[in-house]
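Pulled from TrEMBL:
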| type | residues | note |
| --- | --- | --- |
| ACT_SITE | A:GLU49 | active site, proton acceptor |
| ACT_SITE | A:ASP60 | active site, proton acceptor |
Amino acid sequence: MSTVAPVIARRNAEANGALIGYLPVGFPTLDESVEAAVALVENGVDVLELGLPYSDPVMDGPVIQAATQQALANGFRLSHGFEAVRRITARVDAPVLIMTYWNPVVQYGVDRFADDLAAAGGAGLITPDLIPDEGADWIAASERTGLDRVFLAAPTSTDARLAQTVEASRGFVYAVSTMGITGARADVDQAARTLVGRLDEAGAEASCVGVGISTPAQVAEVLGYAKGAIVGSALVRALAEGGVAAAGALAADLARGTRSE
Amino acid sequence: MALRAQTGPYFGDFGGRFVPESLIAALDELGEAYDLAKADPAFAEELAELGRSYTGRPSIITEVPRFAAHGGGARIILKREDLNHTGSHKINNVLGQALLTKRIGKTRVIAETGAGQHGVATATAAALFDLDCTIYMGEVDTERQALNVARMRLLGAEVIAVKSGSRTLKDAINDAMRDWVTNVETTNYIFGTVAGPHPFPEMVRDFQKIIGEEARQQVLDLTGSLPTAVVACVGGGSNAIGLFHAFLDDADVKIVGFEAGGEGAETPRHAATITKGRPGVLHGAKSYMLQDEDGQTIESHSISAGLDYPGVGPEHSWLASIGRAEYRPVTDDAAMQALRLLTRTEGIIPAIESAHALAGALELARELGPEATILVNLSGRGDKDMDTAARYFELYDQENPK
């Protein structure tokens with residue numbers, strides 16, 4: 001049974017959909033990343049996506065690269081990820097997903113990682129460089145522990161691959177809005193609307209759109225056709241420039257996008 | 001099954017496709033185009049003709065007795081990939097992938113480069129085939145290989161100095177992948193080595209295996225028998241697999257890859273990935289890599305930019321794991337001494353990358369004794385390394401340092 005899916009369903013029943021907010025663990029410090037995550041939830045973020053800093057983040061744009069590189073330089077360790085999940089879930093109710101590149105999980109041990117994430121109160125994993133084809137170990141471990149597993153779908157994915165991704169995912173499917181890496185964009189692609197429609201046809205219960213979303217208007221627009229909107233780089237930039245208060249303020253602003261008519 | 005028949009996506013436990021979903025369609029498209037090309041005699045003929053009339057294939061072999069005398073008398077024979085157009089083995093792969101780019105109708109190519117050899121080869125092919133070309137090169141490497149940056153620009157390529165991460169080859173690969181994710185509709189990624197996601201390890205190997213196919217026959221013609229050992233330097237591993245592949249099923253031929261031992265494999269400053277690393281996922285494939293306890297990639301070090309890479313191709317990891325090939329480290333200094341020795345004894349200036357294989361060949365010659373014949377892949381020439389060599393051996397006039 002998914003932890004994240006009921007929250008997304010509830011937000012679609014009582015508002016336009018769910019707001020999912022991303023922040024990296026350990027940026028600018030471990031304590032501030034925990035405070036910022038709590039502030040996001042207190043200001044209307046429904047689901048948290050905590051990124052684990054990684055040396056070779058091929059899916060990330062410059063804002064998140066800079067933040068995670070700083071976290072690594074400050075001494076980020078994988079154990080901090082579990083600690084952050086524990087501290088955040090002790091204070092707020094929103095489900096916390098970990099977003100991680102695959103090698104750290106492989107090195108920690110897929111089963112051990114799943115056990116420790118579940119024990120910390122985490123909801124599951126978003127895996128940007130793990131496709132279901134290569135994910136047998138993780139699918140087995142998440143079945144055993146009940147963790148959600150969010151795989152990515154892209155505008156270029158074939159129908160057969162979308163069906164496979166929908167089948168393999170639990171919680172939601174992460175629809176990559178545009179061809180590219182993370183980072184705010186002026187327009188969220190029409191490609192996202194088409195992709196979500198194709199995922200619906202493939203039987204997805206919930207598709208959430210990420211990459212390029214940074215304003216309340218974009219959140220509202222995306223929630224017109226998707227179950228959730230994912231914001232990352234814009235929140236990281238707010239945190240970098242204005243601290244926890246600014247990240248919280250942007251979250252409150254973005255959350256208006258979930259309620260607009 | 002013959003070892004030579006092994007194809008991707010997996011070589012034993014190594015290989016695969018650990019990439020964002022956004023790249024899967026492009027990898028599928030490339031893989032399918034490659035499979036079609038492989039089955040098409042016209043493609044093979046076109047590539048062979050380019051080899052003959054553009055690259056200068058077959059490259060010759062050269063026996064180097066004055067050099068070999070320093071290894072106890074075993075015969076040492078060089079496969080002269082340094083004589084190829086653009087100065088290294090990299091052109092073999094680039095011409096194949098550029099032809100494939102034309103076949104799939106894309107108009108722009110991107111590539112990563114460390115020393116600049118693959119970037120120069122790609123820019124060359126782009127000029128030849130009228131393709132737009134962008135080369136990603138770590139900022140650190142653009143500084144130590146400034147001549148190759150100028151060469152690529154002269155050929156019409158845009159060279160982007162990558163400022164993220166450790167600002168070396170691994171980060172250039174990351175940025176090239178980011179470019180590819182964003183521009184996949186128009187752009188093909190010409191990957192330079194036998195690492196990366198499927199189909200690159202298999203495809204790049206297939207474009208390089210001509211090295212060993214030619215050399216195997218050339219050594220037979222010269223000596224009447226197969227060599228006792230075949231050796232090559234290993235960064236990502238494309239020149240090495242190119243030589244080794246033809247010999248994989250010759251069980252009596254010893255296969256040894258020499259990794260960059262930097263300041264010593266026992267120090268933190270090396271690029272001896274198989275010797276000192278452990279399996280993990282980097283740049284789209286499962287293979288040996290240099291990493292810390294948490295799986296964060298560790299920065300490699302080598303005096304040779306072309307070997308300064310914390311990963312290695314999955315087929316090498318497989319060959320190491322089944323014991324068919326052996327991998328050993330060679331230090332910066334041993335490589336530089338071998339570079340000077342070959343230059344002084346034979347009048348051939350090798351690339352610093354290839355000098356690792358030369359140092360390894362001397363080591364192996366002493367072990368195998370005077371009856372042995374060792375075939376070495378001289379993967380590139382040393383022109384690009386003159387500044388490094390001049391500083392290392394203090395060849396600049398004191399009053400006029402460069």
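The first residue you see is number 1, and the count goes up from there.
Including glycine, each Cβ sits where the backbone N, Cα and C put it.
Bear in mind that TrEMBL entries carry predicted annotations, made automatically and left uncurated.
Sequence-distant neighbours of A:GLU49 (active site, proton acceptor) (same chain, 6+ apart, CB under 8 A from its CB) are A:ILE20, A:GLY21, A:TYR22, A:LEU23, A:LEU97, A:ILE98, A:MET99, A:ILE126, A:ILE230, A:GLY232. Mapped onto three states, the DSSP output places A:GLU49 (active site, proton acceptor) in strand. Sequence-distant contacts of A:ASP60 (active site, proton acceptor), defined as residues of its own chain at least six apart whose C-beta falls under 8 angstroms from its C-beta, comprise A:THR68, A:ILE181, A:THR182.
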